[in-house]
Amino acid sequence: MCSISIIVLIHEFGIFVSYFYSKEFCKMGDKGAKVQKQSDGDKMNPTEEPFFVIHTKVNVLFVGLTFLTFVTRLWLLEEPRGVVFDEIHFGLFTGLYQHGTFFFDVHPPLGKLLLALMGYLAGYDGSFDFSSIGTEYPCHFPIWYLRVLPAICGSLLCPLSYLILSELGFSQYAALLAGFLVLTDNALLVQSRFILIDSFLLCSLLCLIFSLLKFCKNLKRPFNCQWVIWTLCLSVAITASLSIKYSGLFTLFTVSCVLLYYFWKLLTNRNIPLMKAVFHLLVYFTLLVLLPIFLYCAIFYTHLSILTKSGPHDERMSSQFQASLEGGLAKMMEGQPIEVAYGSQITLRHMHGTPCWLHSHPEPYPVRYSDNRGSSAQQQVTCYTYKDINNWWVVVDPNWESIEVENPPRRVKNGDIVKLIHGVTGRSLNSHDVAAPMSPQCMEVSCYIDYNISFPAQPLWQVELLNGKKTNNTWHAIGSHLRLIHVTTDQALKFTGLQLPDWGFYQYEVATDRNHNQEPTVWNVEEHRLIQSEATVGDEYSQQLPPDLWTPGTLGFWEKFVELQFKMLSANKEVNQEHQYSSTPLEWPMMHRGIAYWINPASNAQIHFLGNPVIWVSGMAAVFIFAVLFVIFAVRWRRQCQDLNEDEWTRFLHTGVLLAGGWIANLVPYFLMERTLFLHHYLPALLHLILLIPATLDIIYCHVLRSSLQRNFMTSMLLVWVTSIVLVFIKLSPLSYGHTPLSQNDITTLQWRDSWGLIYHEEMGYT
């Protein structure tokens, strides 16, 4: 994203240079023509400038503002020398990339790949474990190199904001104000200074908006150099906004609305032949849809090509995915037969949703549940989210008394009836006509205990292979997808997704359901052992082992890619744990609660994620004022009142869709999410809001205020407002940099709202 932003800035500078160069060239050409008309004895004025002189203009305010932004983001970048907030995750991922160790994260990989690249260039060996927030970095840790790229991207937000307001057609003062607001917001400052990926996302979103404006400006001159440059920039920005965090989709939605509007105008323009318009649309579809999809897949290809070794998050992926990685499950399955036989020891994994394994332990179900329903009081069967010795089961032929492997081993086929014996307790998997504890509409699953009462065992299960054609109707470890159908009740073994209470150790419920055809009833064998008994030890037994031994899988890129996409999307929904600093979208615009990022327990110096309250409140006022102005001007435009010309009305619409609409699009979806949310999720919406503030002020100044007295009064009020923003920024800066020891009185002064939750360690506090 830094590279795109730098290209944009260089291009804009190049426009200034080329403009003035061409202007001087024309002047020199005219002077040259005049000289030719003179007599041979005449000579040019010796004070004439040389031909190859380039004149440029430098916007001192713009350059100065950009310089200040870089200073604020890069100052004391190595402080604090401890793990800050989500550096615990993204720093760890950076190290895992260096080792090629697979990990799972809910975000796409582009941001993490950029951090890993910086780590590689800095010579980072990935040895630091990022064990907890506040852990001190060792002296050799390249903390500056890992934090500098996010800081640079955070710094580029200021010039990009300026360029966007300028491209929208607002005044230079409005553009400078946009950059100033980005500079002085404490939340944007904090999020840009650490090993985080949010500044990459924000930078890509502004590049996306700016590239869109440039693209729309060049639509009337397709296929020239400018058009090619900005179409490719827009394509890359689309890819980047999707490949860092999926929340980039919200801004992409507003951008897509603008693109569809212009493409519809192109298609319905009678001055353009239909075939030519269709050809243009096909080119746009290729460059703005197919090319971003290709780049998105290429990013994942790079990600998966690097991470080839088994890692700490393997269990989140399917058994086939795990088996394709070096070590881990592949190592455990090495040398074991791929075909499941009677006497095989297996673990059964649920294939969809939360990764967990069929599990049992000696504790029985309670005699009565909390709703006063009775249970079977049999041994509990659950789905456990960790690999454990109690996850092992033995496949047994109901007509064979022994649980040992037969000689020769007999394969289990599709449709066979089996018993599953729990490996630790020796009890058989059972079900009966008793309501499940959390899902009364389903039947309870247990391991049968013979209480010598009229409650017979019902331990028979039919193996139903869903992909039996691929395995010649033989039950395979890892590769076979199966359902276990309870023979007596004709119900399928099901992972319900509901957690049991404390008596079930908060593990997940397993039941049987009459509806077979659903994802929660699909299982597969993840680990498999075929161990010979003492009676059959020897060469003769070894010769009778199934000939097909398991070999490491060769799962292709597309299979991995599709699975990873589904896992990432489903994992986002599962992030719903309680957190002290979580907040709701309704609380974000007024900054009801911040986030504690880091604290020094000895001095109470701390980093707290908080924005500039003056800017945030002003943003909400700007939304309301802009909405009122939009309605008024829209009505007057329809009534053909000439308040705005065509260009000004187009600018008004672009501002409404891209900035006000972008704020709405980046905020409203979070109201629909059932997951844990934090204030930093508001940053993309905040960035749109910050750009809306100077746009609204410029509209008021140019189109609402009529007299010079009104405008002078507004200017004086703006000076007071800007001064208050600077003072608040400086006041809260100790919480942004974490470089100042804080006493209890200091913290009380800084905590303007009790809900902010600033931290003070009294027994170790600085006084």
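For all residues, glycine too, the Cβ spot is worked out from N, Cα and C.
These figures come from a predicted structure and were not determined experimentally.
What TrEMBL records for this protein:
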TRANSMEM  6-22  transmembrane segment
TRANSMEM  58-76  transmembrane segment
TRANSMEM  144-165  transmembrane segment
TRANSMEM  195-215  transmembrane segment
TRANSMEM  227-244  transmembrane segment
TRANSMEM  250-267  transmembrane segment
TRANSMEM  279-301  transmembrane segment
DOMAIN    337-398  domain 'MIR'
DOMAIN    409-466  domain 'MIR'
DOMAIN    473-528  domain 'MIR'
TRANSMEM  614-635  transmembrane segment
TRANSMEM  656-673  transmembrane segment
TRANSMEM  679-701  transmembrane segment
TRANSMEM  713-732  transmembrane segment
Across the domain 'MIR' (409-466), what does the pLDDT come to on average, as a whole number?
90
Report, as numbers and ranges, every residue of the chain located at least six residues beyond the transmembrane segment (195-215) whose Cβ falls under 8 Å of a Cβ in that stretch; write 'none' if there are none.
1-2, 4-5, 8, 84-87, 90-91, 94, 107, 110-112, 114-115, 146-147, 150-151, 153-154, 156-157, 160-161, 163-164, 167-168, 188, 226-227, 230-231, 233-234, 237-238, 240-241, 244-245, 247-248, 251-252, 255, 258-259, 654, 658, 662, 680, 683-684, 687
Can you tell me which parts of the same chain pack against the transmembrane segment (144-165), counting only residues 6+ beyond its ends and a CB-CB cutoff under 8 A?
1-2, 5-6, 8-9, 12, 62, 65-66, 69-70, 73-74, 77-78, 91, 94, 114-115, 118-119, 121-122, 124, 174-176, 178-179, 181-183, 188-189, 191-200, 202-203, 206-207, 209-210, 213, 687, 690-691, 694-695
Do at least three C-beta pairs under 8 angstroms join the transmembrane segment (279-301) to the transmembrane segment (679-701), pairs 6 or more apart in sequence?
no
Six or more residues out from either end of the transmembrane segment (713-732), which same-chain residues have a Cβ under 8 Å from its Cβ atoms?
177, 180-181, 184-186, 610, 612-615, 618, 697, 700-701, 705, 750
Cβ-Cβ under 8 Å with the transmembrane segment (656-673): same-chain residues at least 6 beyond its ends:
209, 212, 247, 250-251, 253-255, 257-258, 585-586, 588-589, 623, 626-627, 630, 681-682, 684-685, 688-689, 691-692, 695
Who are the long-range neighbours of the transmembrane segment (679-701) in its own chain, taking Cβ under 8 Å and residues 6 or more past its ends?
157, 161, 164-165, 168, 170-171, 173-175, 177-178, 181-182, 185, 187-188, 191, 198, 201-202, 205-206, 247-248, 250-251, 581, 583, 585, 588-589, 591, 593-595, 609, 611, 615-616, 618-620, 622-623, 625-626, 629, 652, 655, 658-660, 662-663, 666-667, 670, 711, 714, 718
Who are the long-range neighbours of the transmembrane segment (227-244) in its own chain, taking Cβ under 8 Å and residues 6 or more past its ends?
1, 4, 7-8, 11, 107-111, 197, 200-201, 204-205, 207-208, 211-212, 214-215, 217-219, 221, 251-252, 255, 284, 287-288, 291-292, 295-296, 299
Counting by DSSP, what is the helix, strand and coil composition of the domain 'MIR' (409-466)?
0 helix, 26 strand, 32 coil
